[in-house]
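**Q** Pasting a structure below so you can have a look.
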Amino acid sequence: MAFLSSTLHSLGIFEKISRIKEVLKNRLLDLTKRRDQAREQQRKRPHTIIQGLLLWSLPVSWIRFLWRQPGEFPVTAFLLGAGTGGLLAIGLFQLLVNPMNIYEEQKVVALYCLASLGAIGWGTSPHIRCASLLLVPKMLGKEGRLFVMGYALAAIYSGPAANLRSNINEVIASLGCTVELQINNTRSAWRVSTAPLRAVFKGMVGSKDSLNKEIQNVSTSFEEMDEQVKSDAGYSSEDWDKNRESTEMFGTSRVRPYLSTQMVYELRTRLRCIHVVNKAILSCYRWFDKKHKNCMRRIHLPLFNNMICVPMKFKFLCNIAKVIEIWCYKRIPVEGNFGQTYDSVNQSIHGLSGEFSANINLKEEKQSSMVGLNTTNWEHMGTEVRDYVRQQETYLQWAMGLLHVLLSCTFLLVFHSAFSYMDHYNWDIRFDNIYISTYFCQIDARRKKLGKQSLLPLRKAERKTVIFPFKATIQAWEMRYVIRELLETLPIVLLLLVLCAIDWALYSVFDTIRQHSFVQYSFRSSHKLEIKVEGDSILAKLLRKTIGALNTSSSTDVETNNMPCLPQPISLNARDYFKASLPTLLLVCLCLAQAFGYRLRRVIAAFYFPKREKKRALFFYNEFLKKRSAFTKLRRAAIVRRANQQKAPPHYLVEALYRRCPLLHRFMRQRCVVCQAMETPDSYVCPTPDCKALYCRSCWDDMQRLCPVCTPREELSSSAHSDSNDDAVYGD
């Protein structure tokens with residue numbers, strides 16, 4: 001045994017065992033001390049409701065972790081904080097960044113950055129954790145309302161505004177379609193009505209070669225007639241010159257008369273007639289001469305032959321033919337309009353002798369632009385209107401994308417507001433220090449137990465300057481901010497109501513137009529034209545080739561309607577109106593919940609900074625004690641002002657209404673000059689003749705039964721005589 005003991009001593013086994021015992025003993029004492037501290041913490045009265053609820057509901061180990069000292073559980077605190085911060089950052093990414101219209105690579109980079117910052121911040125800094133939780137009540141404040149207002153505007157745009165614009169675009173497209181339909185119907189009617197005439201023209205143009213052949217035949221035939229008219233046969237040139245000179249002698253003018261075709265042809269016909277008469281006389285002369293010679297040749301007796309052949313000498317009988325010349329002058333067989341007809345036919349024949357050709361020219365007249373559209377072709381009006389509508393929708397979609405980006409950026413204001421509140425909470429002891437907290441009540445109860453001056457219950461006038469965080473109603477101090485926020489929300493509500501009303505009204509109008517604007521277009525036309533040209537002459541053939549082309553018949557029956565052009569308005573159902581108004585209703589609810597959200601800010605900040613909360617509550621209590629001691633003097637200026645307003649004579653209209661309308665008496669009662677409560681039968685009126693200030697019973701007791709209006713300043717309880725400028729402010 002001695003050897004074993006010496007061996008163990010030489011190896012230092014006993015020293016190591018003793019050291020292990022010391023370490024275990026110290027750890028056991030430390031655990032016992034911490035357990036005692038936890039039990040003492042549990043036995044100690046909590047300073048906040050949150051602390052009390054956590055002590056009541058959580059196990060001891062969790063309580064030790066939550067209210068740990070600096071440096072305790074560093075690894076656990078970092079891991080839990082990093083995990084929580086990373087999850088919150090991912091949720092924030094899904095809410096703000098993921099809806100953006102950006103590249104996926106940029107979204108991945110933003111996700112990694114947000115998750116890293118959230119994990120590091122929550123794992124290392126309580127200020128980051130506090131500011132992150134402050135986002136919840138800040139979302140109920142004006143910053144959150146700004147964020148929700150963007151979604152409200154987006155919902156209004158995507159709901160009634162988008163539907164309103166869609167219906168207006170539908171009507172614009174309907175107008176363009178109607179104009180295009182009318183133009184097409186007019187064009188179709190014009191084409192149908194002019195189709196026979198165009199067919200005639202095309203037929204004439206198509207029969208150009210045959211017409212040219214017929215015209216050449218007519219020209220050839222007319223040349224023979226023209227040669228006959230212009231021929232000099234049947235008379236001698238001497239007769240022509242002699243008769244022409246005699247014709248010119250009839251003219252009284254010195255100017256050589258113009259011989260028309262009619263006169264020339266009559267002259268030539270007359271000369272031919274006279275020439276025939278003269279030839280007849282000459283033939284008669286020759287016949288008598290021939291017969292006289294034959295007679296003389298047959299009768300050889302000289303005397304007898306002269307006597308017997310004497311009748312053959314009666315050539316004067318041939319002059320009887322001169323009588324016919326009178327007929328040549330008086331009854332010449334020439335029509336009176338032959339010359340004019342000949343000239344017309346001659347001119348026509350020479351005109352037809354040219355090549356027959358026809359061209360159809362269409363002239364297009366461009367009208368001015370219509371309804372603001374720079375249309376260059378009526379046929380494309382509907383297409384241009386639809387393109388214009390699509391272009392406007394593209395611009396609006398781009399604006400909506402920009403609005404979504406701006407909405408995501410507005411969340412930065414919420415972050416800034418949360419950090420700003422935390423900084424003001426830690427550095428400005430008066431900032432948002434108007435709450436009657438649990439620790440405030442504990443201080444007052446402890447002072448009351450020690451017999452010192454206490455503050456609770458507060459006076460009636462004092463209750464309007466503080467906030468009781470456990471009351472479920474909106475208090476006077478909070479009400480002014482709630483009313484202001486509701487007034488700021490009123491334009492959004494009015495915009496929603498006006499757009500919904502306009503959308504419903506326009507839908508009703510457009511639907512009525514659609515139901516009662518159906519138009520049926522009917523176009524019916526028929527014709528049958530038949531021209532018969534009889535005869536086998538050249539002119540008849542020519543007329544059959546030309547005028548005969550008019551022998552056409554057609555029957556047209558066109559029916560169309562404006563059903564494709566009628567507007568098809570879209571109406572919003574109850575679900576659409578609810579989706580459009582839900583963000584606006586949420587905005588109004590946020591205005592009402594702002595007071596409770598602002599109370600939650602102080603609770604979160606007090607949980608992370610309990611020592612700072614104790615200092616703030618103690619400062620607020622001491623400040624309240626000072627104000628209580630000088631309550632009368634601090635409120636004197638406001639009391640005197642209200643008393644002077646009550647003594648002022650009312651407006652004559654108000655006085656007349658007061659006399660004539662007994663029902664208005666309850667609304668026109670006077671108020672307490674301290675707390676502004678309505679006059680009751682228990683109210684006290686100052687008996688001083690020139691004062692007559694009204695007090696409720698509780699305020700009169702708080703004034704120690706001294707009227708600040710008519711009591712000299714030196715007799716009041718303090719030397720202060722004006723409102724304090726160092727009051728705590730409400731953290732807006």
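Our numbering is plain: 1 for the first residue shown, then up by one each step along the chain.
Cβ from N, Cα, C; glycine included.
Got these off Swiss-Prot a minute ago, pasting:
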type     : residues : note
TOPO_DOM : 1-46     : topological domain 'Cytoplasmic'
TRANSMEM : 47-67    : transmembrane segment
TOPO_DOM : 68-76    : topological domain 'Extracellular'
TRANSMEM : 77-97    : transmembrane segment
TOPO_DOM : 98-107   : topological domain 'Cytoplasmic'
TRANSMEM : 108-128  : transmembrane segment
TOPO_DOM : 129-394  : topological domain 'Extracellular'
CARBOHYD : Asn184   : N-linked glycosylation site
CARBOHYD : Asn217   : N-linked glycosylation site
CARBOHYD : Asn346   : N-linked glycosylation site
CARBOHYD : Asn374   : N-linked glycosylation site
TRANSMEM : 395-415  : transmembrane segment
TOPO_DOM : 416-489  : topological domain 'Cytoplasmic'
TRANSMEM : 490-510  : transmembrane segment
TOPO_DOM : 511-576  : topological domain 'Extracellular'
CARBOHYD : Asn551   : N-linked glycosylation site
TRANSMEM : 577-597  : transmembrane segment
TOPO_DOM : 598-732  : topological domain 'Cytoplasmic'
ZN_FING  : 672-711  : zinc finger
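How buried are the listed features, and what sits near them?
**A** Same-chain neighbours of the transmembrane segment (77-97): 65, 68, 107, 110-111, 114-115, 117-124, 128-129, 132, 408, 411, counting only residues six or more beyond its ends whose CB sits under 8 Å from a CB of the stretch.
Over the topological domain 'Cytoplasmic' (98-107), the average per-residue pLDDT in this prediction is 77.
Cβ atoms under 8 Å from those of the transmembrane segment (108-128) belong to residues 77-79, 81-86, 88-90, 92-93, 97, 422, 608 of the same chain, restricted to positions at least 6 beyond its ends.
Sequence-distant neighbours of Asn184 (N-linked glycosylation site) (same chain, 6+ apart, CB under 8 A from its CB) do not exist here.
In the three-state DSSP classification, Asn551 (N-linked glycosylation site) falls within coil.
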**Q** To the nearest whole angstrom, state the Cα distance for the pair Asn346 (N-linked glycosylation site) and Asn551 (N-linked glycosylation site).
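**A** Rounded to the nearest whole number, the Cα-Cα distance is 28 Å.
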**Q** Would you count the other C-beta atoms found within 10 angstroms of the C-beta of Asn346 (N-linked glycosylation site) for me?
**A** 15
**Q** Tell me which residues of the chain lie with their Cβ under 8 angstroms from that of Asn551 (N-linked glycosylation site), as long as they are six or more apart in sequence?
**A** Leu529, Glu530, Ile531
